[in-house]
Amino acid sequence: MGRYKDESPAVRVYTVCDESRYLIVRNVPALGCGDDLMRLFMTYGEVEECKPMDAEDCAEFTDVYWIKFRLIANARFAKRKLDESTFLGNRLQISYAPEYESVSDTKDKLETRRKEVLARLNPQKAKSTSQVTKLAGPALTQTDNFSPQRREMEYQFHRGNAPVTRVSSDQEYFASSSMNQTVKTVREKLNKIEESGNQKRLQPSSQTQPDLKRTRVDNRRRI
């Protein structure tokens with residue numbers, strides 16, 4: 001049945017302190033169905049314990065069960081899905097039970113929540129920062145310890161030993177045929193200039209040297 005317009009919806013806000021991996025399930029039919037209830041909750045995560053609570057006050061023909069999950073995330077998921085759901089004809093009433101937590105349980109719960117919040121705020125930054133720190137951390141530390149003179153010496157050493165790659169002049173560099181033809185023409189001209197320079201260097205020295213100016217005979221009379 002729909003809710004009246006003038007009625008305000010019931011809202012319950014949970015904090016990390018209210019949540020717990022311990023759950024109390026009320027309004028369970030008193031039919032000895034503890035195993036069935038445990039199998040139902042195990043579909044949402046690993047259940048460590050599931051036992052009835054005889055000391056708890058409950059309605060007639062109903063039982064109260066105490067359930068302990070291994071992870072708080074599984075307990076949160078199970079409560080959200082099974083609260084007010086029908087189980088053997090009765091509506092289950094599920095609530096958190098943080099009063100059963102130990103100090104270590106509370107500490108683990110708060111630490112897990114802190115990591116979840118950080119992961120949601122920076123999903124990629126946390127991963128990239130950790131990877132960059134692991135990969136580049138040792139290399140940066142070693143580089144910072146080098147002096148400028150040593151860095152220059154290593155740079156010159158690697159520069160001198162670097163492999164020289166040569167590319168064939170017949171290789172086509174561009175997808176356009178006109179550009180490849182232009183490159184080919186320029187290479188042919190450069191080859192001609194290089195060949196002419198080689199021929200001049202191979203000529204005899206008498207031909208390559210310029211003609212010396214003929215010495216003039218001084219016929220002037222001297223007093």
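Placement of Cβ uses the backbone N, Cα and C atoms for every residue, glycine included.
Annotations in TrEMBL come from automatic prediction, not curation.
Per TrEMBL, the features are:
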- 21-99: domain 'RRM' (DOMAIN)
- 194-223: region 'Disordered' (REGION)
- 199-210: compositional bias 'Polar residues' (COMPBIAS)
- 211-223: compositional bias 'Basic and acidic residues' (COMPBIAS)
**OP:** Grab the pLDDT values for the domain 'RRM' (21-99) and give me their mean, rounded.
**Re:** 90
**OP:** Could you break down the residues of the domain 'RRM' (21-99) into DSSP helix, strand and coil, giving a count for each?
**Re:** 22 helix, 30 strand, 27 coil
